[in-house]
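Everything below concerns the one structure shown next.
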Amino acid sequence: MSSMRTHYCGLVTEQFSGQEVALTGWVQRRRDHGGVIFIDLRDREGLVQVVCDPDRPEMFKAAEEIRNEFCIRVTGKVRPRPAGTENANLTSGKIEVLCHELTVLNPSVTPPFQLDDDNLSETTRLTHRVLDLRRPQMQYNLRLRYKVAMEVRKFLDAQGFIDIETPMLGKSTPEGARDYLVPSRVNPGHFFALPQSPQIFKQMLMVSGFDRYYQITKCFRDEDLRADRQPEFTQIDCETSFLTEQEIRDLFEDMMRTVFKNAIDVDLDARFPVMEFREAMARFGSDKPDLRVKLEFTELTEVMKDVDFKVFSSPANSDNGRVVGLRVPGGGAISRGEIDAYTQFVGIYGAKGLAWIKVNEVAKGRDGLQSPIVKNLHDAAIAEILKRTGAQDGDIIFFGADKAKVVNDSIGALRLKIGHSDFGKANGLFEDTWKPLWVVDFPMFEYDEEDARWVAMHHPFTSPKDEHLEYLETDPGKCLAKAYDMVLNGWEMGGGSVRIFRSDIQSKVFRALNINDDEARAKFGYLLDALQYGAPPHGGLAFGLDRIVTMMAGADSIRDVIAFPKTQRAQDLLTQAPSSVDEKQLRELHIRLRATEPKPTA
């Protein structure tokens with residue numbers, strides 16, 4: 001391999017018995033057993049046991065002085081381990097290396113934690129990320145990330161896609177998430193924006209005739225962070241010309257099947273099911289439903305319109321209200337304490353409470369039910385609830401009644417919490433498998449109550465369905481988009497759309513978004529001009545590489561599959577970024593910081 005080593009530690013097996021090897025790596029552990037020193041030597045491929053006998057005094061003295069995380073080089077002979085001392089958990093578990101020479105390449109100060117400690121706080125791990133990355137799980141995660149990226153590149157290359165870089169310094173467009181801004185020194189008072197997506201550039205590459213484009217690139221969004229968000233994230237960005245929506249979906253569905261098979265030996269469905277956005281929201285309260293959970297909403301809005309119980313009747317009679325039931329088979333066994341905990345849980349999502357009915361005996365109707373709300377419901381409503389939910393003896397029905405968004409968010413989250421719980425898994429409410437699907441036919445627009453205007457649900461370059469073009473000017477709320485999301489186990493793996501390729505339609509969409517012609521020209525004139533030069537029909541997708549690898553690795557957070565991530569406060573604990581900068585740098589950028597107003601003293 002090199003003059004310093006002949007093999008990786010973790011790849012030395014019994015086939016090399018009797019051979020001389022040179023190994024380099026880090027000391028995982030050093031043990032002194034009756035005058036013989038054992039060293040677990042680690043590199044990126046795993047561990048090997050090194051045995052140091054005292055019959056080589058110089059080597060043995062060096063072995064006595066080494067400690068955990070010393071970087072060392074050893075030479076020695078591979079031999080079988082004594083019978084009964086084999087380690088089946090290691091690739092090298094049947095052999096050991098009898099050390100002839102040991103060189104300390106670089107000692108280590110005492111590490112702040114043991115690398116095999118699985119109970120470290122994330123703050124500790126991110127502060128000492130260099131050491132954290134030495135741990136086998138992190139090594140696995142980042143190598144898996146590399147493998148996924150390589151499989152993507154191989155697939156797209158075979159399909160005729162060209163890897164083209166697009167600018168990192170671009171124009172700020174205040175639509176959507178907040179931009180990261182970069183001041184221009186040579187253009188005082190002007191700013192670049194780091195890209196939230198290469199969206200417009202990749203469309204212009206289609207206008208330029210490149211036909212099939214991709215890149216694996218960094219994108220940036222200055223937004224509040226969650227477990228699956230980072231201020232900078234990696235996108236597998238793809239665009240193609242002259243394909244229909246169905247052909248685009250088929251192509252990238254095949255890509256994901258190939259990547260999952262080659263990266264982690266998982267066979268995804270031969271054909272991903274397709275679900276309309278409207279159906280996903282009706283059944284699951286989410287546009288990225290986790291189909292592993294065998295629970296669904298039952299629509300009860302009409303049933304509750306005439307009940308003498310305002311908790312249900314008020315939202316049922318409201319234009320933006322909704323009432324649903326969530327039947328949990330066998331849920332009658334859920335304790336009152338657990339119900340109280342669920343009530344607190346849905347409150348996180350804005351729910352004011354959590355009504356419930358335990359079904360003891362369906363045949364007895366009202367008398368077979370247990371709940372404080374039964375007295376507020378008339379017999380016809382009770383009968384309809386039991387009928388529509390398909391309730392059986394021993395079930396529980398939870399209810400959501402509020403604005404549709406609150407109901408969807410809160411009961412949707414409750415559905416997942418129950419499904420993923422020990423109770424859900426023990427009662428067949430969760431299937432531990434891979435459940436991909438396409439969600440299609442998204443609304444083109446959603447109404448922003450605060451700004452009193454329509455906003456793009458995806459982005460303003462998504463094409464409306466051909467039969468809905470007339471709604472752009474008459475009723476934007478009716479307009480459906482040629483948009484599609486690939487969902488897997490409740491995560492959006494990627495999303496895309498067929499794009500607008502005619503300048504006149506793009507202008508109509510801008511107007512529907514309350515962007516007048518002058519504003520559109522100022523912000524997107526270069527795109528409108530490009531579309532006039534015979535732009536081809538085109539569309540594409542963007543996949544979140546971080547999310548894909550997180551799912552494959554079974555990690556708790558995307559921070560576990562990124563080498564140097566930011567915290568939920570958008571900070572890098574390793575380098576202490578962001579940080580203050582020198583006054584001279586600010587002057588060169590023509591920037592002056594406004595001092596924080598001091599608080600008045602009492």
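Using the three backbone atoms N, Cα and C, a Cβ is placed for every residue, glycine included.
Values in this document were obtained by computation on a predicted structure and should not be read as measured data.
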Site co-member for ATP according to Swiss-Prot, given Arg221, Asp222, Glu223, Gln230, Gly544, Leu545, Asp546, Arg547, out of Glu165, Glu296, Glu492:
Glu492
Looking at the candidate ranges 51-54, 199-202, 591-594, report the one that Swiss-Prot labels region 'Aspartate'.
199-202
Hey, does DSSP put Arg547 (ATP binding site) in a helix, a strand, or just coil?
helix
For ATP: widest Cα to Cα gap among Arg221, Asp222, Glu223, Gln230, Glu492, Gly544, Leu545, Asp546, Arg547 in Å:
20
To the nearest whole angstrom, what is the C-alpha distance linking Leu545 (ATP binding site) and Arg221 (L-aspartate binding site)?
16
Test of understanding: give the count of other CB atoms lying within 10 angstroms of the CB of Glu492 (ATP binding site).
16
Using Glu223 (ATP binding site) as the reference point, find which of the recorded positions His33, Gly84, His458, Arg499 has the shortest Cα-to-Cα distance to it.
His458
Measuring Cα to Cα, how many angstrom lie between Glu492 (ATP binding site) and His458 (L-aspartate binding site)?
13
If you count other CB atoms within 10 A of each CB, which of His458, Arg499 wins among these binding-site residues?
Arg499
At a 10 Å cut-off from the C-beta of Glu223 (ATP binding site), count the other C-beta atoms across all protein chains.
14
